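If you look up TrEMBL, you'll see B:16-33, B:45-66, B:87-110, B:122-139, B:151-172, B:192-211, B:223-244, B:276-300, B:312-330, B:342-360 marked as transmembrane segment.
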Amino acid sequence: MNKWISYPLICIFLLILAGCWDRVEIEERGFVIAVGLDKAENGEGFELTQQIVVPGKFGPDSASGGSGDAYLNITRQGETMFEIIREVAAETSRSPFYEHFKLVIISSELAEEENNLPHILDHFIRYHEMRRATKVMIAKGSAKEILEVEPKNERLPAIYIDSISVNNFKNSRMVPVSRIGDLHEQLLNENSYTIQKVEKGEETVKVVGNAVIEGKTNSLIGFLEAEGTEGMNFLTGEIQGGIIKTKYKGQDIVYDMKTTNHKVKTIIDNQNNVTIEVKIQSEGSIGEALLPLNFEDPKVIESIEQQIEQEIKDKVMNTFEKVQEEFKVDIFGFGNYLEQQHYQKWQEIKKDWEQGENYFSQSTLKPKVNIRIRRSENILKSYK
Amino acid sequence: MKQLDYADEKISTREFILGITSIILGIGVLSLPRNLAQLTNSSDGWISILIGGTFCAAIAWVMAKTASKFPKQTFYEYTSSVLTKPVSILISFTYIAYFICIAAISTRVISGISKVYMLERTPIEVISLFFLLVVIYAVSGSRIALFRLNLMFIPIIIFIVVVIQVFNIKLFDMTNIRPMFITNWSNILSGGKESIFAFLGFEIVLFYTILMKKPKSAAKAAVVGVTIPMVVYIVIYLFAIGVFSNIVTQNIVYPTIEMAKEVEIPGQFFERFESIFFTIWIMTIFNTTAMALDVSVYGLTSIFPKLHKKKLVFALAPIIYLISMMPQDFTAITSFSQSTSYVGVGLFSIPFLIIIVSKIKGVKGK
């Protein structure tokens, strides 16, 4: 090619190819990491609080020269999520950017109303900036207040809540995280399900207990508090660790679960009576014993094991009966096991599982617990 | 543009296999899990993929056998020796139009996806244009070079597929996979039809067998070339069901992309893994488009040997661009690619026609 043509051409290409149509500088982005949803004051629509990170406020105070919060909470009201979010874009210097979005907190007041949950979640599942790993929590009380908590060891309230919500391997009462993707599945299946509950303490927030959501109306029908949650975790196999306290000869002994295993078998007879056998196996150690015991004696170990097994059975039965009586919905997902194990039969009784006849609340639970104490940790006895 | 010269203008069996794999892997698999989940229950869609894939492998085998009977002749030459010239021109032009449509649909879909997930404010026309410019550059070079490019890209593509599945194991839920074998046969079969659409493109064996060093191995190679994407599809499908469950897969527009978005690399150092997936999948679709355009060019040059290849590329590219810009929305694209697929399935009859007529007429290849 003629160099009189080619050189200018190269220069032009250099100019246009170096650009980017969609460039948004990082300083111009408002990274939204969490939203809180409350009922709007006038009673119609939603009140959305967006927590936006202010990156300049990160790092040592002297370096960035700024003191104050590393985040910004912006609250607006409206009918749909998208509308409110875009409205905020017109008001702030940083347009909301959701690629690093972590958490949706919905107030219990909103969740109680029929179909509010799917209405709220639709945008957060649908929009392309969102990801299915976003967590959802139900706040007992106001969601906005939860996002205003001032954590001692974190700069951002949302990150603080996000990280305590995943500590369930240390605490058997902690509910497994509710990913928005999993909720999408529950909504489509019209299953009943639970969502992590978050509650404001005096200075901290607590993520304990479950919010029970009824699948047909998608509304909050109550809370399963910490004790119930533990039993539920045993039934769903979501338990990842934690401790069981039991009495032995009138004194407390604490068992530390290291591994747990869980199997569900469902039996259904011709009268549509459902029996659910849940096998729970766990191995662990003694983390604390308030009485001197001879841990070298297999008989002692065995009787402690039986004691713990009974303890777990009681917890499981209590939760199951409570849910059967109080909520009458299958939050344990036993329906899925029925579908897998008795597909034809399930098609017949599916409609009457939670509604109508409500076979769920008539079903019987048979827990089988098997505990193995492997160690007594570092010592045998701490005193004579 | 200076062209690299290769010692011989022939392709090895391996290049032939991966050429078929490259043109098959493309936009089909992005939505295949959804289409299958809508038709089948639980995880049974994999049977449909197996049926569709086996069927396509069989057709590919027949096509390669037919083509390798005439090892020294182009598609146009051997069809006209068997079916007379006018018929042959008609068939060739149908194939050329069909491959042009495949190129156009691929261009359109990948531009649409790029726009939604990455280049929000860039007009789709601009994205398509730049994508096509790169395709033109690839096709106007040596045909052998294009085959070698496939050879280079396929391992990367397989690698990213494996990585996505591995990082999704944590989310994989066996309860979504069971119960198995509960879908009735008619639904499994219509799922099979749906998966055939995701295998289309392997008809290039009719045109490219002549380029092979060993045309005798063409039939076997064609089967292998179809089997590789079949395995990829089954793995992706089962993982999509395992991760999302059947009902959610039904409602996600591109489940395969969504799986890439689900990847969370531990350590919180890497977020947005899907950007890597997009980069690599654009390569995949680039391969599909480039091969489709190249086949059309090859088909035309064999009918009109006097036409210059580069001129043809530059003449066809605007047509592809215009066709790709025609559908206005998601449903229009879907129905356009559906009708193209039906044409492709209809063209499955061509090799059988050639075999039967050549048997009757007693035409023998050399």
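Cβ atoms here come from the backbone N, Cα and C positions, even for glycine.
Show me how these features fit into the shown structure, please.
Same-chain residues lying 6+ beyond the ends of the transmembrane segment (B:16-33) with a Cβ under 8 Å from its Cβ atoms: 45, 49, 60, 105-106, 109-110, 113, 147, 150-151, 153-154, 157, 194-195, 197-202, 204-205, 208-209, 211-212, 218, 221-222, 224-226, 228-229, 232-233, 236-237, 240-241, 249, 253-257, 281, 284-285, 287-288, 291-292.
Long-range contacts of the transmembrane segment (B:45-66) within its own chain (CB-CB distance under 8 A, at least 6 residues past either end) are made by residues 20, 32-33, 36-37, 39, 181, 183, 188-189, 191-196, 198-200, 202-203, 205-206, 209, 218-219, 221-223, 225-227, 229-230, 233-234, 237-238, 241, 348, 351-352, 354-355.
Beyond the ends of the transmembrane segment (B:151-172), by six or more residues, the same chain brings 14-15, 18, 21-22, 25, 232, 235-236, 239, 242-243, 259-260, 262-265, 273, 276-277, 280-281, 283-284, 287 to within a C-beta distance below 8 angstroms of the stretch.
Within its own chain, the transmembrane segment (B:192-211) is flanked in space by residues 9-11, 16, 19-20, 23-24, 26, 28-29, 32, 35-36, 39, 48-49, 51-53, 55-56, 59-60, 63-64, 66-68, 70-75, 95, 98, 102, 143-144, 218, 222, 225-226, 229-230, 233, 288, 291-292, 295, 298-299, 337-338, 341, 344-345, 347, 350-351, which lie at least six positions past its ends and keep a Cβ under 8 Å from the stretch.
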What parts of the chain pack near the transmembrane segment (B:276-300), using Cβ distances under 8 Å and only residues at least 6 beyond its ends?
19, 22-27, 30, 74-76, 92, 95-96, 99-100, 102-103, 106-107, 109-110, 113-114, 117-118, 131-132, 134-136, 138-139, 143, 146, 149-150, 153, 156-157, 160, 164, 201, 204, 207-208, 257, 260, 307, 309, 312-313, 316-317, 320
Grab the same-chain neighbours of the transmembrane segment (B:223-244) for me: Cβ-Cβ under 8 Å, and only residues 6 or more beyond its ends, written as numbers and ranges.
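Beyond its ends, the transmembrane segment (B:223-244) has Cβ neighbours at 16-21, 24-25, 29, 32-33, 36-37, 42-43, 45-46, 49-50, 53-54, 56-57, 60-61, 158, 161, 164-165, 168, 171-174, 176-177, 195, 198-199, 202, 205, 252, 255-256, 258-259, 262.
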So which residues does the transmembrane segment (B:312-330) touch in its own chain, when a touch means Cβ under 8 Å and the partner is 6 or more beyond its ends?
100-101, 103-105, 107-108, 111, 124-125, 128-129, 132, 135-136, 139-140, 253, 293, 296-297, 300-301, 336
